[in-house]
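Copied over from TrEMBL, here are the features:
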DOMAIN    9-142  domain 'EamA'
TRANSMEM  12-31  transmembrane segment
TRANSMEM  37-57  transmembrane segment
TRANSMEM  69-90  transmembrane segment
TRANSMEM  96-115  transmembrane segment
TRANSMEM  127-146  transmembrane segment
DOMAIN    151-286  domain 'EamA'
TRANSMEM  152-170  transmembrane segment
TRANSMEM  182-201  transmembrane segment
TRANSMEM  213-233  transmembrane segment
TRANSMEM  245-263  transmembrane segment
TRANSMEM  269-286  transmembrane segment
Amino acid sequence: MKVSIQRQGELFITAGTLLWGLLPIFAAISYNNVSPFTSLSVSCLFSALFFAIVMTARHRWHELSNKQAILYTLYATFFIGILYYLLYFFSVKFSTPGNISLLALTEAFFSFLLFHIWHKDYIPKEHIYGALFILLGAVIVLLPSVSSFRTGDIFILIAAAIAPLGNYFVQKARKLVNTETIMFVRGIVASLVIFLLSLLFHDASSFADIQQSILFLIVNGFLMLGLSTMLWIEGIHRIPVTKANAMSSLGSLVTLTAAWMIFKTPPTYFQLFAFIPLFFGIILISKKANAS
């Protein structure tokens with residue numbers, strides 16, 4: 001039975017979400033031995049290796065000669081491969097996996113702002129209500145941090161605001177070349193830049209420390225930054241970003257459940273209550289956008 005393009009996109013996003021929900025868990029475990037800079041740099045390097053294998057198997061190396069696609073990819077690398085991932089990985093160090101997964105959902109709100117303000121589209125009431133629900137959910141998550149300020153919560157909010165810009169350029173690049181080409185370039189460039197930053201800030205971990213976390217770094221690179229990101233790009237190539245954001249909200253449940261099972265840290269009442277307005281807010285933002 002032939003699967004429609006929209007259903008393909010939905011399946012890609014769902015599979016990618018299940019993997020991506022585990023990223024805060026594996027990143028936190030890798031920090032037992034290496035710094036966030038090193039964890040991200042090595043993970044990006046392994047993701048580049050993953051996509052190099054895919055490019056070789058699919059004979060895609062000629063796509064590197066597409067200058068316009070490479071330019072879009074470099075823009076996307078700056079916003080997502082460097083800024084977003086740095087903020088995300090540092091937020092894991094200074095916040096909890098549960099908070100990170102929930103606050104990352106505000107990306108749908110920032111996508112809504114970017115594309116409506118940038119393109120000056122008409123804003124229906126449903127979108128306004130959805131945006132307010134998302135803001136309410138973010139406030140609920142942040143309430144416990146009022147008395148004990150968490151830098152990581154601010155980092156992930158800034159990352160969520162940056163991500164839509166990167167997704168915009170990823171979509172433009174994907175129209176010219178395949179996902180594996182985009183991700184190979186992003187992995188190589190991001191790994192090199194972040195490694196240089198680790199040297200600049202004297203935060204590079206030793207080779208012995210890297211060896212102790214190598215399994216988790218390989219998982220981060222191949223599955224989280226590799227396969228799950230590939231599924232995300234293929235998904236937003238087939239369905240709107242707003243709908244993809246709505247579907248990816250289920251990743252928070254994966255993170256909260258995994259944190260409970262691995263770290264023995266059950267979700268707080270604030271996190272459980274926050275998920276409700278965040279989930280319905282994203283649904284409201286995406287529903288009418290798809291119809292239009």
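Even glycines carry a Cβ here, placed using N, Cα and C.
Just so you know, TrEMBL annotations never went through curation; they're auto-generated.
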For this session: Would you mind listing the long-range same-chain contacts of the transmembrane segment (213-233), meaning Cβ under 8 Å and 6+ residues beyond its ends?
Result: 12-13, 15-17, 19-20, 22-23, 26-27, 29-30, 32-34, 39, 42-47, 49-51, 54, 85, 170, 174, 179-180, 182-183, 187, 244, 248
Exercise. In the domain 'EamA' (151-286), how many residues does DSSP put in helix, strand and coil?
Worked result: 114 helix, 0 strand, 22 coil
Problem set entry | Cβ contacts the transmembrane segment (269-286)/the transmembrane segment (69-90), at least three under 8 Å, sequence gap 6 or more | no
Problem set entry | Top partner of the transmembrane segment (245-263) among 12-31, 69-90, 96-115, 127-146 - counted as Cβ pairs under 8 Å | 12-31
Exercise. For the domain 'EamA' (9-142), what is the mean per-residue pLDDT, to the nearest integer?
Worked result: 86
Problem set entry | Folded-back contacts onto the transmembrane segment (127-146), same chain, C-beta under 8 angstroms, at least six residues removed | 99, 102-103, 105-106, 108-109, 112-113, 116, 153, 157, 268, 270-271, 273-278, 280-286, 288-289
For this session: For the domain 'EamA' (9-142), jot down how many residues DSSP puts in helix, in strand and in coil.
Result: 117 helix, 0 strand, 17 coil
For this session: Please work out which recorded stretch in 12-31, 96-115, 152-170, 182-201 has the most C-beta pairs separated by under 8 angstroms from the transmembrane segment (69-90)?
Result: 152-170
